[in-house]
Amino acid sequence: MSYANYRYMKARAKRWRPENLDGIQTSDEHLINLFAKILSKHVPEIGKFDPNKDVESYISKLDQHFTEYPSLFPNEHTKRQYTLNHLEELEQQFAERMFSENGSLTWQELLRQPGKVQGSNKGDRLTKTFEGFRNQLDKVQFIRKLMSKANVDDFHTRLFILWMLPYSLRKLKERNYWKSEISEIYDFLEDKRTASYGKTHKRFQPQNKNLGKEFLPKKNNTTNSRNLRKTNISRIEYSSNKFLNHTRKRYEMVLQAELPDFKCSIPCLIDTGTQANIITEETVRAHKLPTRPWSKSVIYGGVYPNKINRKTIKLNISLNGISIKTEFLVVKKFSHPAAISFTTLYDNNIEISSSKHTLSQMNKVSNIVKEPELPDIYKEFKDITAETNTEKLPKPIKGLEFEVELTQENYRLPIRNYPLPPGKMQAMNDEINQGLKSGIIRESKAINACPVMFVPKKEGTLRMVVDYKPLNKYVKPNIYPLPLIEQLLAKIQGSTIFTKLDLKSAYHLIRVRKGDEHKLAFRCPRGVFEYLVMPYGISIAPAHFQYFINTILGEVKESHVVCYMDNILIHSKSESEHVKHVKDVLQKLKNANLIINQAKCEFHQSQVKFIGYHISEKGFTPCQENIDKVLQWKQPKNRKELRQFLGSVNYLRKFIPKTSQLTHPLNNLLKKDVRWKWTPTQTQAIENIKQCLVSPPVLRHFDFSKKILLETDASDVAVGAVLSQKHDDDKYYPVGYYSAKMSKAQLNYSVSDKEMLAIIKSLKHWRHYLESTIEPFKILTDHRNLIGRITNESEPENKRLARWQLFLQDFNFEINYRPGSANHIADALSRIVDETEPIPKDSEDNSINFVNQISITDDFKNQVVTEYTNDTKLLNLLNNEDKRVEENIQLKDGLLINSKDQILLPNDTQLTRTIIKKYHEEGKLIHPGIELLTNIILRRFTWKGIRKQIQEYVQNCHTCQINKSRNHKPYGPLQPIPPSERPWESLSMDFITALPESSGYNALFVVVDRFSKMAILVPCTKSITAEQTARMFDQRVIAYFGNPKEIIADNDHIFTSQTWKDFAHKYNFVMKFSLPYRPQTDGQTERTNQTVEKLLRCVCSTHPNTWVDHISLVQQSYNNAIHSATQMTPFEIVHRYSPALSPLELPSFSDKTDENSQETIQVFQTVKEHLNTNNIKMKKYFDMKIQEIEEFQPGDLVMVKRTKTGFLHKSNKLAPSFAGPFYVLQKSGPNNYELDLPDSIKHMFSSTFHVSHLEKYRHNSELNYATIDESDIGTILHILEHKNREQVLYLNVKYISNLNPSTIMSGWTTLATALQADKAIVNDYIKNNNLNI
């Protein structure tokens, strides 16, 4: 039968229309009355009856009535050629064949066996079909179909309806169960039908009518449970009469579906003919929608045949403002990005408006669904169910009352209510009224009370809770422990049947100790109330409730019950003992007057959900809702949201391989010194985590009767282990995984000690499993030497090993060796860091806590073995076992390993250079220094001359040279400037800028006499010109003290301008400039500036914009203070007298103010001696802090220090510490050098530098090949040399950097890279040097 024929027949079968069902009630009583009315209409001879009183006799009448029509079902039938004129007769024959193909089943016999599965005759199958139909639909759908079918005219269809009515009456009498959950939708070609169904439909042609498909036999899977018979049908979707029938067209439209959780929208086909919700793989990838495997794995037919093996999680979708939540099957190809099926629309009461091309949502008809009933065998305990008990004040149980002890009695809580909107006010009043009615709260006169707030419940209503956070600060903690989840799950091993109990309003089952009620007072707009039962929100409530329930359950808790708070799980190994176990627990609860929430209880199940896990006899997996919570998580916007996400992941970490590795990029964002910046790395990390949760592994229950295997391993930074047990199929299945960081001290352990540490930590982690084993369990390690250390009875090497050996005596185990290649799980775990486990403190060492590592791959091993053939000594060890034994060297996987677990390598080879480069430049430690790099490499490798080779490599590293500061003393001794012979011959000048504006000025011009130290202070502006400065200097200095012989100043543009040069020529003085970025050459002015600024702060710190008004006072104060260098005041040296500084003091005049007088000459001579002595003293102290000058020769490469305000300074803190390298042109003084700066910066900076600002650039051509990033080469200036290395031509080029155009650099690069940068220069060099390329 073709798919097209099937679709046609499907439409023809829907030839009936529904009646208007508005206002129809759907209780069982109304449904029975509805049946009675239909029967009265079609079988009037039965008469009316009261179905509430006489249902059984009514059904008997129906049975008797149908026995009067035996002729309808003859034992034989005649085959006829059918035409359109004989269609009804053909349909009747079809109905007859379905009942009596074997000729052994009468209508009455069929009625007496409703729903029972016996044999394989067609009647039984038809019965199963009706049972499936009955359980497939909810009540509303069922009524719609009954009312529609009861009004059709053709006889045989009416007969089918009449048959189904008494059958349905029986089902309503037997049970109250409706199945509203829609089964998975299958393609027609995959749907399994009976042979009769296929044979019959092959005879139909497209023009013919056929029977409604809901009355055709289908294959069913029937399972029996304790109370109900449930039938699940694998079927094609049931099309609704609202949308699709033979008189209506197939509706199709395309709407934009909004996915708010993923901030995207997709075009979605709305098609009443589509059999399932589908979405294309391309759409899933584009919007990163989470998916999971689909075990059904069917073929989806049609125009685009697809094999489906994945589906999305339930997604929140908005269509025309209507919100729904549904899943999609993922297909490779479809006509639209996504499609919504008819079933999804119907389930969400959504109608299609074909005229408006829109969707609308109808009001849902509520179904009356009763809570699950308590099984009959436990009816004696029905008085402890929530159905029979309303919430009331419980009786106090002595010794188990809730006690609230405070750290202090005299405390006050803040008095403030949270504002409540009208909706919450109503909820609050309802809660208060209910609490007062039941007696669990009462009005209070307490002086301290906490505010109330509201939290949403799962069903959408609000729960009033008290915010006890202010009170919790004063409550003494309860140290009663909550159980560990892992230990609870361990008790379940071996159990096959489970019952889960949930206590109703669990906290409210415990009375508050008399006298403590006022401590739990709360306030709201209605007043102040206090709890008489234990409330939610108090910090000590969980611990007290755990103590309470443990005490109530007593001894049963230890054998067959586990409980976590109000969740109680009863587990047993057989059905018979389980009944006894459940009754024991229910009796305990009854004795304590506790109430169970029947709606949340599950009895006699093979698998249950408990405290977030799906538990069965095989093991446990996380509940799907916890997985969906992570899968639906949006991108975190801040640290708080990221911590919440990682908290959800951490709950599931035991099911996620390599959790720490996956979350590493996310944890980096939580560090205090890391700025929040979301990158694709974090996005990918979240996607990787979600993919791991699509199908999490099953962890088995630990069973003490099974063999135990512990596999351990240690990496450089962590330890790992996997605990497994051997099952009946002789395979080991995991019980748990473990990994943990090492502490700083542990990082320095030897390899053997690290491997031993992995065993110790694993045994401590699973001590509750492994400490009491009768038979020895097996430990596998990939470190052969460890076996001897554990089994050796000689004295331990150190105290640590002695402690470990003492600890191992508590365990019954045997240890075996297995190569690391076979121990891949534990090996991988040891390279994962469990970031939730605290790192143990250890005072033995404080060295670095992270070590790089090189992967020992097969290629690496082959390379080492190849290098061994070139080293005579190592080759001898490789081939001579006796020699290896003599030198305590092992041969492992082709590698020579010494007693320190170091791999022996030939000295100074390409391999050793590669190792150094990987650890220095490509590892997780960023360019470690010589000592650190040496220590790291020595942990895994050793060769002759290793320290020297590492030192040479690090010293020649370009990145280290330009970015790392130097720790040596500065170069160059101090060269003091000789003092002048008299005042105002030699001056120094500078500007103090960045002053607040005062009277129009914002800078200060400072002139200092180098002999007397006298200062002249002149207010000015920062925008002062050279001409204005010259005029000011003429009026304030030359006019009073005459022409100077020399002036020392910095390289300010004013003093280097042509205007100032003309001014100096006019007054015949020489300009001398201090070295750039060398304040010591003009230290006098710098020191004077500091003193002036200090004096200004003293006089105008409160009113800084008045500093101009105080300049004369500051100048007078400075010039009349005794200077440490001259031992006299500047004013006295210049003017030869001391002025009066207060009204109580008279000025002192000298009799000889003539500068040529003997006294004046003597004073000047004394000042000069003091200045010389001061210079010698300064030089002595300065030179103690410097080291010998490093002599540079012309042509040497040097780097220039980037000072805070100097050469090529960048405000960016991450800018390199040095610029360059530059070539030395010549030496221009005792301590100064002239450098070859690029033309682009020559006009900006002086090319002369003091030696203290220079560092030699080290460059070993044998070590540094292709050190330049090709994107950094701008313009090649010239090529210095070339080398052939491993059949590759390298060029040493001098170039202008692309990244920093102001810098000329040099380095090695490949020929190809150089040609891309400047083809002409490279070709000229090749031609001039006769290179064969």
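Any Cβ shown, glycine's included, is placed from N, Cα and C.
The domain 'Peptidase A2' annotation in Swiss-Prot covers 266-342. As a whole-number mean, the pLDDT of the domain 'Peptidase A2' (266-342) in this prediction is 77.
In the three-state DSSP assignment, the secondary structure recorded for D271 (active site, for protease activity) is strand. Residues or ranges marked as active site, for protease activity by Swiss-Prot: D271.
As annotated by Swiss-Prot, domain 'Reverse transcriptase' applies to 436-615, with the evidence given as sequence analysis.
Feature annotation from Swiss-Prot assigns Mg(2+) 1 binding site to D502, D566, N567; the stated evidence is similarity to another entry. Taking Cβ-Cβ distances under 8 Å and a sequence gap of 6 or more within the same chain, the neighbours of D566 (Mg(2+) 1 binding site) are D502, L503, A506, F545, I549.
Residues or ranges marked as domain 'Integrase catalytic' by Swiss-Prot: 979-1138.
Around the Cβ of D1050 (Mg(2+) 2 binding site), the number of neighbouring Cβ atoms within 10 Å comes to 22. According to Swiss-Prot, the Mg(2+) 2 binding site annotation covers D990, D1050.
D1050 (Mg(2+) 2 binding site) and D271 (active site, for protease activity) have their C-alpha atoms 83 Å apart, to the nearest angstrom.
Neighbouring residues of the recorded Mg(2+) 1 site, listed in sequence order and excluding D502, D566, N567, comprise K500, L501, L503, A506, C563, Y564, M565, I568, N597, K600 (Cβ within 8 Å of the Cβ centroid).
Comparing D271 (active site, for protease activity) with D990 (Mg(2+) 2 binding site), their Cα atoms are 85 Å apart once rounded.
Cβ contacts within 10 Å of D502 (Mg(2+) 1 binding site), excluding its own Cβ and spanning all protein chains shown: 16. For N567 (Mg(2+) 1 binding site), the count of additional Cβ atoms within 10 Å of its Cβ stands at 19 [all protein chains shown]. D990 (Mg(2+) 2 binding site) is 82 Å away from N567 (Mg(2+) 1 binding site) when you measure Cα to Cα.
DSSP assigns D1050 (Mg(2+) 2 binding site) to coil in the three-state reduction, outside any helix or strand.
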